[in-house]
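Quick look at what Swiss-Prot annotates:
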- C236: active site, nucleophile (ACT_SITE)
- R96, I97, D118, R164, N400: NAD(+) binding site (BINDING)
- S235, C236, T237, T266, T295, G296, R318: D-glyceraldehyde 3-phosphate binding site (BINDING)
- 50-63: compositional bias 'Polar residues' (COMPBIAS)
- T70: N-acetylthreonine (MOD_RES)
- 50-84: region 'Disordered' (REGION)
- H263: site 'Activates thiol group during catalysis' (SITE)
- 1-69: transit peptide (TRANSIT)
Amino acid sequence: MAFSSLLRSAASYTVAAPRPDFFSSPASDHSKVLSSLGFSRNLKPSRFSSGISSSLQNGNARSVQPIKATATEVPSAVRRSSSSGKTKVGINGFGRIGRLVLRIATSRDDIEVVAVNDPFIDAKYMAYMLKYDSTHGNFKGSINVIDDSTLEINGKKVNVVSKRDPSEIPWADLGADYVVESSGVFTTLSKAASHLKGGAKKVIISAPSADAPMFVVGVNEHTYQPNMDIVSNASCTTNCLAPLAKVVHEEFGILEGLMTTVHATTATQKTVDGPSMKDWRGGRGASQNIIPSSTGAAKAVGKVLPELNGKLTGMAFRVPTSNVSVVDLTCRLEKGASYEDVKAAIKHASEGPLKGILGYTDEDVVSNDFVGDSRSSIFDANAGIGLSKSFVKLVSWYDNEWGYSNRVLDLIEHMALVAASH
């Protein structure tokens with residue numbers, strides 16, 4: 001069972017175990033959650049509503065059990081707090097992320113995908129691509145092609161549209177209030193705004209954007225404002241790095257850092273050597289090479305954590321694996337700490353304030369062990385090292401497809417709940 005991101009996004013705050021009366025009023029409860037704006041350097045909450053803070057006074061913050069922040073679990077005492085029904089979503093672009101967003105949405109009780117637009121894929125091929133997936137396995141539900149413009153997924157109809165120009169997609173007529181822009185094409189405010197012409201209320205870009213407000217669930221989604229009609233869910237790598245950097249910076253301070261992501265192959269790469277005028281190395285065969293590449297993921301952390309702006313940068317290695325990537329963050333700390341101290345802080349956050357967003361493992365894992373992991377970032381305690389009290393290398397895994405797609409839906413529902421409280 002899934003639950004609203006008002007609850008899921010509480011991963012960015014240390015919140016006491018939910019009481020039945022805490023969620024009695026959507027508007028007032030939402031303002032309570034928004035009133036807590038992060039942690040102090042020791043990972044304790046910096047601001048809380050009086051009701052929550054009083055529950056913390058009787059014990060150390062490390063013993064507090066927070067609201068879970070996964071897309072698949074819900075505390076029994078928590079009720080859905082949106083205004084009415086499910087949040088209706090449309091998807092533009094039925095690639096890797098578009099398909100997984102639809103897959104995951106079918107297992108949630110807070111979101112319903114009502115339409116998919118892709119000018120290059122007809123309804124029959126959409127059904128085939130949704131049913132079979134070489135990485136994540138076969139779709140467990142039912143898929144039927146009703147006609148050229150309708151799919152039936154788990155007994156619910158999904159409209160199929162084939163428009164090249166997003167301004168021509170009748171989102172309002174299709175019942176979609178929120179649109180996932182996952183084509184990889186319309187990633188700026190001006191381009192993504194075309195969806196608003198068709199009646200969409202909000203657009204979520206499933207990629208970094210040059211000018212749209214950027215959010216990472218568990219890090220800065222609490223800064224979202226209801227007048228923001230177009231937002232970016234950042235990149236999968238930023239979603240992995242930002243929660244890790246948040247914890248380390250708030251506990252020890254990050255003076256500067258370099259990030260490397262060892263990234264699985266993506267659809268933009270070539271199966272064999274081919275032309276790539278902007279990135280010559282990027283045109284080399286994906287299955288034959290480890291390919292150095294640029295990435296703005298580390299710099300983008302400065303957009304979601306302004307206190308780290310200008311302190312992080314990084315690069316990528318594209319490697320011949322189909323899924324799951326790993327971030328290597330090497331950084332200088334402001335406050336002296338052993339590697340064991342850093343591990344302890346991350347473990348605490350993974351079990352408390354960032355549970356379901358940031359994970360922790362001390363087992364001897366490899367990349368394939370994280371296929372289908374819904375968390376944004378899973379810290380590998382055995383893979384990192386410390387050189388001194390102020391210089392550490394931190395390693396964190398992420399399913400760059402599945403985890404990211406979960407966060408897209410989490411961000412949508414958070415936006416819907418903000419709208420419901422205003």
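Cβ atoms here come from the backbone N, Cα and C positions, even for glycine.
Structure coloured by features recorded in Swiss-Prot.
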residue: R96; record: NAD(+) binding site; DSSP (3 states): helix
residue: D118; record: NAD(+) binding site; DSSP (3 states): coil
residue: C236; record: active site, nucleophile; DSSP (3 states): helix
residue: H263; record: site 'Activates thiol group during catalysis'; DSSP (3 states): strand
residue: T295; record: D-glyceraldehyde 3-phosphate binding site; DSSP (3 states): coil
residue: R318; record: D-glyceraldehyde 3-phosphate binding site; DSSP (3 states): strand
residue: N400; record: NAD(+) binding site; DSSP (3 states): coil
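For the NAD(+) site listed in the record, the two most distant Cα atoms among R96, I97, D118, R164, N400 lie 27 Å apart.
For R318 (D-glyceraldehyde 3-phosphate binding site), applying a Cβ distance below 8 Å and a minimum sequence separation of six or more within one chain yields H263, A264, T265, T266, Q269, G282, A286, N289, I290, I291, P292, S293. Binding of D-glyceraldehyde 3-phosphate is attributed in the record to S235, C236, T237, T266, T295, G296, R318, and the widest Cα separation among these residues amounts to 16 Å. Other Cβ atoms within 10 Å of the Cβ of R164 (NAD(+) binding site) number 12 in total over all chains. Less than 8 angstroms from the CB of D118 (NAD(+) binding site) sit N92, G93, F94, G98, M126, V161, S162, S183, each of them six or more residues away in the same chain. Ranking the recorded positions I97, C236 by how many other Cβ atoms lie within 10 angstroms of each Cβ puts I97 at the bottom. Same-chain residues with CB within 8 A of the center of the S235, C236, T237, T266, T295, G296, R318 CB atoms, the D-glyceraldehyde 3-phosphate site residues themselves not counted, are T261, H263, A297, A316, S325, N400. A gap of 11 Å separates the Cα atoms of T295 (D-glyceraldehyde 3-phosphate binding site) and the residue listed as 'active site, nucleophile'. All protein chains shown were included, and the count of other CB atoms within 10 Å of the CB of S235 (D-glyceraldehyde 3-phosphate binding site) stands at 22. Less than 8 angstroms from the CB of G296 (D-glyceraldehyde 3-phosphate binding site) sit P208, S235, each of them six or more residues away in the same chain. Across the structure, T237 (D-glyceraldehyde 3-phosphate binding site) and I97 (NAD(+) binding site) are spaced 14 Å apart at their Cα atoms.
For N400 (NAD(+) binding site), the same-chain residues 6+ apart in sequence whose C-beta sits under 8 angstroms from its C-beta are C236, T237, C240, H263, A264, T266, N323, V324, S325. Within the group of binding-site residues (T237, T266, T295), the Cβ with the highest number of other Cβ atoms inside 10 Å belongs to T237.
R96 (NAD(+) binding site) is surrounded by 23 other CB atoms, counting those within 10 A of its CB over all protein chains shown.
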